[in-house]
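According to Swiss-Prot, the protein carries these features:
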type     : residues               : note
ACT_SITE : Thr10                  : active site
BINDING  : Gly165, Cys168, Thr171 : Na(+) binding site
Amino acid sequence: MSSKRLVRSTTVLCVRRDGKVVMAADGQVTLGEGVIKHNARKLRRLYQDKIIAGFAGSTADAFSLFGRFESKLEQYHGNLSRAAVELGKDWRTDKMLRQLEALLLVADKDQTFLISGQGDVIEPDTGIAAIGSGGSYATAAATALLEHSTLDARQIAEEAMKIAGKICIYTNDRVTIEEL
């Protein structure tokens, strides 16, 4: 799967506002040019429900990464930044992991990280991060709403996902939301 194919997959968005953390993901699964599932769950709660994680890319690869990430969280006692960095290191150095094609978006009450297929671990500058084919649309919409409205984090995530779903053909309107 090429990196171009990787991002043609979904939209996962994380929004922070007023101490609330909300992650949202659409439910569409696309195989080639067709939609094969409309209500997939692309979000998970990890480490005693203190961390939310979402994925874009290959579903099988994402499940493998969720398992590894959960192991890192256990190993580092829920320290999100340490677990993310260690998973990133493994992803860069392990020959089998380098073959996995997925992106992870992970958040706890204090931090958000994007973990890429190249092993990059990126903490966004703002309270907004998104991955997947509709990520740019969701980020733009959420940024505008965060800066120019009084909507709470959940409302911003819901509205931004609606906008992304109207623009991105790989994103639908069946949104799953998790909050911290």
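The backbone N, Cα and C atoms fix where each Cβ goes, and this holds for glycine too.
With a cut-off of 8 Å between CB atoms and residues at least 6 apart in sequence, the same chain places Thr11, Asp26, Gly134, Thr171, Asn172, Asp173, Val175 near Gly165 (Na(+) binding site), listed in sequence order. The DSSP secondary structure for Gly165 (Na(+) binding site) is helix. A C-beta separation below 8 Å, combined with a sequence spacing of at least six in one chain, links Thr10 (active site) to Ala25, Asp26, Gln28, Val29, Lys42, Phe55, Ala56, Ile131, Gly132, Ser133, Gly134, Tyr170, Thr171. Sitting within 8 Å of the Cβ centre of Gly165, Cys168, Thr171, and not among those site residues for Na(+), are the Cβ atoms of Thr11, Asp26, Gln28, Ser133, Gly134, Tyr137, Ala138, Met161, Ala164, Lys166, Ile167, Ile169, Tyr170, Asn172, Asp173.
A sphere of 10 angstroms centred on the C-beta of Thr171 (Na(+) binding site) encloses 29 other C-beta atoms. The Cβ of Cys168 (Na(+) binding site) has 22 neighbouring Cβ atoms from other residues within 10 Å, across all protein chains displayed.
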